[in-house]
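Working notes, structure below.
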Amino acid sequence: MKSLAKLKSEKGIWLHDSEMPTVGHNDILIKIRKTAICGTDMHIYNWDEWSQNTIPVPMVVGHEYVGEVVEIGEEVRGFAIGDRVSGEGHITCGHCRNCRAGRRHLCRNTSGVGVNRAGAFAEYLSIPAFNAFKIPDNISDDLAAIFDPFGNAVHTALSFDLVGEDVLITGAGPIGIMAAAVAQHVGARHVVITDVNEYRLDLARKMGASRAVNVAKESLKDVMNDLGMSEGFDVGLEMSGVPAAFRDMLDKMNHGGKVAMLGIPSGDVAVDWNKVIFKGLVIKGIYGREMFETWYKMASLIQGGLNLAPIITHQFNIDEFQQGFDTMGSGQSGKVILNW
């Protein structure tokens, strides 16, 4: 079958003829329709230090997708041939304390689709049926293909009550922008997002952010004054992984504020812990999506009128994959879809 795989320990990704995946007793086989390029895929493409230490070569990559069930393992219940599905990319062990307590997003033995096992950038994908999520008929293939990163945004944004609150989001990548849209949709008062990429800040404005701030040109404090905010932000969503952005967030938080962190710093981060202590801040780390509460919330948000369509800015056929990766790497895009 046709696939996109990491075949060499160097920058790049290659179109490859891979073997069909096997289907176990508890698995389903999915014929892929659309996939989306993730930041993780870009790390693997660029073959950075994390990728070199994590990704076995060769490896079919990719974990954002939508497709159709074409084969079902003999022990599988609840799925039928023809079901349209996306899926949770974190394969959990099922036997650790957190898994057994229903907190599978905190499994200490997680295996990643397209990272530790064969991924979705292929004509077919086999995953445990437990990890598949049926897509409602009134949600498009395009939106279903980005449910994985949308789930990161939803998990982060809905970690704390946002109704009537002032929200600061640092990092206007696709996930940060979707988090801004979610915060606005569920009733936040002011949603302010920061970055230095004008293309993505403009996209954030289109997605409903109250203010999209280029911190290289504009003071966040001035923006707060313009909005009549005298006490600081109630909720912070750190999506950038940039130490300076996190420190600025802590400085601008109100006393008793709550911070959810999804962005991954490249190294150690120096923090003024006095601000955390004396402001009484709560900081929560976010990894992946809650299984499967986040997934049901995603579908409900879209069915309830949340418009994510503007975040999908480019589409390419799979034979044009190089153009897709170049576009994603340019920083001048939202989500990039590859059609199979």
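Even glycines carry a Cβ here, placed using N, Cα and C.
The NAD(+) site recorded in Swiss-Prot comprises ASP195, ARG200, LEU262, GLY263, ILE264, ILE286, TYR287 together with one of ILE175, ILE302, ILE311, namely ILE175.
Sequence-ordered, the extra residues of this chain that approach the Zn(2+) 1 site, with Cβ no more than 8 Å from the Cβ center of CYS38, HIS63, GLU64, are THR35, ALA36, ILE37, THR40, ASP41, GLY62, TYR65, GLY89, GLY114, GLY119, ALA120, ASP148, PRO149.
Counting every protein chain shown, the number of other Cβ atoms lying within 10 Å of the Cβ of GLY263 (NAD(+) binding site) is 20. Among the residues ILE175, ASP195, ARG200, LEU262, GLY263, ILE264, ILE286, TYR287 said to bind NAD(+), no two Cα atoms are farther apart than 23 Å. Long-range Cβ contacts of GLU64 (Zn(2+) 1 binding site) within its own chain (separation 6+, distance under 8 Å): THR35, ALA36, ILE37, CYS38, GLY89, ALA120, ALA145, ILE146, PHE147, ASP148, PRO149.
Of all the binding-site residues listed (CYS38, CYS96), CYS96 has the fewest other CB atoms within 10 A of its CB.
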